[in-house]
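Novice: My questions will all concern the structure given below.
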Amino acid sequence: TLKIALSLVSNLGDPSGDVSVTHTAEGMVSESEANSLRQLINDSQSLPSELRVPHSPLESGTATSQVLIMGPDDFIVAMVSSLNRAFGSGIVTSSGILLNSQMLDFSWQNKTMNHSIPRQQNLAQPRKRPRSFLLPTIVRPSEGMCGTYLCLGANNGDRALSSIVQV
């Protein structure tokens, strides 16, 4: 299931510059697409070899921070921030804020860090936001129901989704 999800995510990018991204995202959450993808899931065999899971070009390391707050009034805040690598871009503002190396979140033509295929939808362009794997997650019971609240986040690029699902 995670391989399918990550394969679909590889076709995403900033929707403001590419209409196909919006269409892809709408298809990903449609019931007909879910029914179609469900047919690929089989507990007794692996997925076909043509379904490749792209790897995130992010460098691994301890460069992700999380703040997860749950208050007594059922107000929940989850915030995850990533510098993408130790010391981010290496640029510090005059107020002392270390800037992210967010450019690493784009796909780069002929310069991928792990031999993954650059995706057109996520190529660097002016005013374009890169795809990101930050996944602050809040789970709460249905309205009016008692139950356990859960607030979590994960790091490590494309491995974040599997970490969240395992928890």
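Any Cβ shown, glycine's included, is placed from N, Cα and C.
Automatic, uncurated: that is what TrEMBL annotation is.
Just lifted these from TrEMBL, have a look:
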{"type": "ACT_SITE", "residues": "Thr64", "note": "active site, nucleophile"}
{"type": "BINDING", "residues": "Ser82, Leu83, Asn84, Asp105, Gly157", "note": "L-glutamate binding site"}
Novice: Measuring Cα to Cα, tell me the gap between Thr64 (active site, nucleophile) and Asp105 (L-glutamate binding site) in whole angstrom.
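Specialist: One finds 14 Å between the Cα atoms of these residues.
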Novice: Counting every protein chain present, what is the number of Cβ atoms, excluding its own, within 10 Å of the Cβ of Leu83 (L-glutamate binding site)?
Specialist: 20
Novice: Out of Thr64, Ser82, Asn84, which of the recorded positions has the smallest number of neighbouring Cβ atoms within 10 Å?
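Specialist: If we count Cβ atoms within 10 Å for the recorded positions Thr64, Ser82, Asn84, the smallest count is at Thr64.
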Novice: Count the other Cβ atoms sitting within 10 Å of the Cβ of Asp105 (L-glutamate binding site), across every protein chain shown.
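Specialist: Step by step: centre on the Cβ of Asp105 (L-glutamate binding site), count other Cβ atoms within 10 Å, giving 21.
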